[in-house]
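Here is what TrEMBL records for this protein:
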MOD_RES   THR148  FMN phosphoryl threonine
TRANSMEM  19-36  transmembrane segment
TRANSMEM  67-84  transmembrane segment
TRANSMEM  90-110  transmembrane segment
TRANSMEM  161-188  transmembrane segment
TRANSMEM  200-217  transmembrane segment
TRANSMEM  223-244  transmembrane segment
TRANSMEM  256-274  transmembrane segment
Amino acid sequence: MYNVSVSPHIRDKSSTRKIMIDVCIALVPTLAFGVWHFGVNALIVIISSVLSCVVSEAVFELIVKKPITVFDFSAVVTGLILALNMPPDIAWWVPAVGGVFAIVIVKMLFGGIGQNIMNPALAARCFLLISFASRMTDFSVDGVSSATPLAVLKTGGSIDLLDAFLGFKSGCIGEVSVLAILIGAAYLLIKKVISIRIPAVYILSTALFIFIFSLATDGMPTWQFMVGELLSGGLMAGAFFMATDYTTSPITKWGQVMYAAVIGFLTAVFRILGSSAEGVSYAIIISNLLVPVIEKVTVPRPFGVKKKEKKGA
């Protein structure tokens, strides 16, 4: 994924700023589509989320008398990713609360950038889902409600796959258009900010486990159902913009493969076996917490160092 060494993964301020700006650029297509598709309130949500994150970081650092780091754009990225995961018609203060939680609780109290053990934006989303469940699961726009594609699939219905790919559906602001997400992902891949390893393994493993669980519970799933699951919800945005987070993903190749496969497994568990239609955020957060274990079992042994023999062997 990223060319980094050990945690904390980001040391040089100039490289941090450059990479974070690249991520901001990559998020523009999907967020812009969300504003165009859902309207002005989506823009208000994005602004509220970003301002909350930036102000929270600056105020916290002023209080504890640390250097101001908001100009590295990491708080902006957190705000944009949090906004990406918000329903389009939600009240502006909800993402503002989420931004404070993401920055102060998840990021700064753990030591700042490179030290947090969970993706701040996703941790904040999970916090908001628990605290404001009805608001966070209301995907109505201008008072008109419609079921999300995942909700339709969960109840055995079918969806228009082309609309699901282009983004003409209900859902969170930054997750509806797979096309826009892939444009941003292509930018990150071309700039070598991320590699394809984690997204590819995550998407493929999700498909595999969804097939297995669906086969075990409801019989042979149709190809339309399988494709619909991959094109719906936060899976694609999660694969390219969230699972690839610097600090909360492994640094070894096999560690990244295992990490992505675990996210895929958990996503399928939540979606097919769970009561909710979605599960990407929880899957990534749980996998973030497993990263130290994954790295411990996948880190290459230094050359010339033999495996410690068990006593009595």
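Every residue gets a Cβ built from N, Cα and C, even glycine.
Automatic prediction, not curation, is the source of TrEMBL annotations.
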Using a Cβ-Cβ cut-off of under 8 Å, list the residues of the same chain that are 6+ residues beyond the ends of the transmembrane segment (67-84) and lie near it.
-> 10, 13, 16-17, 20-21, 23-24, 27, 30-31, 34, 45-46, 48-54, 56-58, 61, 95, 98-99, 102-103, 107, 112-113, 119-122, 124-125, 172-175, 237, 241-242
Other same-chain positions with a Cβ less than 8 Å from the transmembrane segment (256-274) and lying at least 6 residues past its termini are 1, 150, 154, 197-210, 212-214, 217, 229, 233, 235, 238, 243, 249-250, 280, 282-284, 286-287, 290-291, 294, 297-298
Should the residue listed as 'FMN phosphoryl threonine' be counted as helix, strand, or coil on the basis of DSSP?
-> coil
Going by C-beta under 8 A and a gap of 6 or more residues, the same-chain neighbours of THR148 (FMN phosphoryl threonine) are PHE139, LYS169, SER170, GLY171, SER232, GLY233, ALA277
